[in-house]
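Have a look at the structure below before the remarks.
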């Protein structure tokens, strides 16, 4: 099969299986309301949990830095792309989360891939939750290590996988808050087990940082757990983009010396780092926004009892409505759009087969009226 035939075959199969994705150009987005093709929708698909995307101080910080330092970083961090602004942000992140070092990355996907592909050598063992993000699964299976997936949020399964495995250094990986189900990992038990077996524990807290824990320090702080490696991202609660890895001095130096993702990638723009530094300040003083988000979560849970048979057990901003069938999920998503509500349909391979869903994400800017309209619309359109 030549290139064109293979590509066309795969695309046609994607369409046939109702997995085809359509990229939509958003005209205006203030986080609560988005405009697409001249239509206005209440947005329940944004990861900007605290509504900082349009924060005036953060926007001004980006403008100021772009004027002062220019737009591009001009090189990798190991050439000339690393500035005193990057250094300052890394130091502030490390101090905030009580780690010796922080390393900036251009995305969470890159950060996770860099850690796993750089650390893992032949016969090392990787133990990861079955519902781990693609940025964890893909580099793990592409590494020279041995991969084991334990039952979702099941420490007993993790332990069984470990004791029935053979190999060298164990790396345990989990998310703090899972991106598609919104549930929280049993971090305390997993952390204790990792220490017992002298392994490394890596936690991806993309959806917890800024939202959970004291001062927004994330789900690990909330559960009094300090993993050996912590990945945080700036595209969710921080309202920007990018990521950072928090770790020991030794691991940080190892990544700097051996990670191709750091060596051969252009560094984050200085203006972006400057804006993230301002966003960090806002996060540290965002208790009011976190309380408002929690109020919205509580309001949704209290008023969505009519949908309880469709909901997963989540107490976070991520509230999945499980439909199962790909086509039914897409139809419901389109029907909600006709009611002025934007909720994306999430289908395999992002989620397991037969678990297609509407992934509702609540934020601090939603009103009670927004949430009531969402619940009422889903109930009327999909009363099963």
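Here the Cβ of each residue, glycine as well, is placed from N, Cα and C on the backbone.
207 is the residue from 86, 207, 223 that Swiss-Prot records in the pyridoxal 5'-phosphate site together with 108, 109, 179, 233.
Going by what Swiss-Prot states, the substrate site holds 21, 133, and the candidate of 350, 361, 367 recorded there is 350. Here the Cα atom of residue 350 (substrate binding site) is found 10 Å from that of residue 179 (pyridoxal 5'-phosphate binding site). With a cut-off of 8 Å between CB atoms and residues at least 6 apart in sequence, the same chain places 47, 175, 176, 177, 178, 179, 182, 236, 316, 317, 318 near residue 207 (pyridoxal 5'-phosphate binding site), listed in sequence order.
A separation of roughly 20 Å, to the nearest angstrom, links the Cα atoms of residue 21 (substrate binding site) and residue 109 (pyridoxal 5'-phosphate binding site). A gap of 9 Å separates the Cα atoms of residue 133 (substrate binding site) and residue 109 (pyridoxal 5'-phosphate binding site).
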